[in-house]
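Written out below as structure tokens is the structure these notes cover.
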Amino acid sequence: MSDLTDIQEEITRHEQQLVVARQKLKDAERAVEVDPDDVNKNTLQARQQTVSALEDKLADYKRRMADAVSRKKMDTKPTDPTGIEPDDHLKERSSLRYGNVLDVNAIDIEEPSGQTADWYTIGVYVIGFTIPIILKALYMLSTRGRQTVKENKGTRIRFKDDTSFEDINGIRRPKHLYVSMPTAQSTMKAEELTPGRFRTIVCGLFPTQIQVRNIMSPVMGVIGFSFFVKDWPERIRDFMEKECPFIKPEVKPGTPAQEIEFLKRNRVYFMTRQDVLDKNHVADIDKLIDYAASGDPTSPDDIESPNAPWVFACAPDRCPPTCIYVVGMAELGAFFSILQDMRNTIMASKTVGTAEEKLKKKSSFYQSYLRRTQSMGIQLDQRIILLYMLEWGKEMVDHFHLGDDMDPELRGLAQSLIDQKVKEISNQEPLKI
């Protein structure tokens, strides 16, 4: 289809089909006005879809035509014998060859990449959808996230579900949930949903629904998240009653021993930290929290809530804004991101390869999480992360899934049987199971 003549013929054919389709659409609209029954409404919907599809195809062919014309101009352009492009400022040719032309027309420098998202607008948009389509989209972007992103990179995808629709003049139309799948060069607008922003906002708004359906990202599954959240209320209660190494209470003479004991607990340190967080609120995030509180969302208001750790079940790349002012929550997410880095470091260490190849397999989830969360207006308390690591670190590392589920004794027995059989039938060295 690279030939200009063929493309022009396709454009002409599609333009003719579009004229006919638009006329049929007008006839269908008139029929619905006269008799708005189901048959006429379905016909109208089909006509609208046909027109939309033809418009998309026509636009695509016109883009192809523009590209083909541009290529033809480049091919016919006389080449400079010196090998220097006409608009290059160098007087002598560079030792480097000319590379790709990077088109920056689409970039808006008023909204640079990496900016803080407009969480209020994003939250209001997501809350406007039904729970089923939100959770199904979350499943596609977390449990099956790698596959979905790979198949749709560089496009703006639409999620569709029968539970999500809107009535326009009595006609039921699908209400699509839009998510942008950026490449490394993409510039995202403040209110634009990306997979990372979507996981962040949905995990923060609907942790109870995520818990009930057990939706979990693979990167959380392999660090033993299921084990960690199994008895969360008891786990966090025991943690709060432990002695905090960072507190040295000023005790007045005659203070009861029981009160002195209480003042040394982690709970008191968390109460002090909550006072600091209460002074650092951002207006837009407060507005989002108030808006969410008036609807269906189930954001935790305390780290001891049963659904609190489920905020991180789908591995959001930062602390969700709806619970960023709940003491200990942002640090809990940081603890999970460190565990992910620890597991990846273990996996990289046990693989065969050069030091450089092993380094490539390491990750920096923690640094990314820290940077993104702090861009939302709070500083993480490293001491709380340290308390989590001291309390649960060893236990969690023992529950990592390291891709080696075979019992050592079983592996040894199987290997000895392989060695014996290979020696019977061959003089080659047996491979390791």
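Using the three backbone atoms N, Cα and C, a Cβ is placed for every residue, glycine included.
According to Swiss-Prot, the feature motif 'YxxL' maps to residues 178-181, out of the candidate ranges 122-125, 134-137, 178-181, 282-285. The recorded sites listed here are ASP88, ASP103; among them, ASP88 has the most other Cβ atoms within 10 Å of its own Cβ. Geometry remark: ASP88 (site 'Important for the endonuclease activity') versus ASP103 (site 'Important for the endonuclease activity'), CA distance 17 Å. DSSP classifies ASP103 (site 'Important for the endonuclease activity') as coil under the three-state reduction.
Helix, strand and coil counts from DSSP across the region 'RdRP binding' (1-50) read 44 helix, 0 strand, 6 coil.
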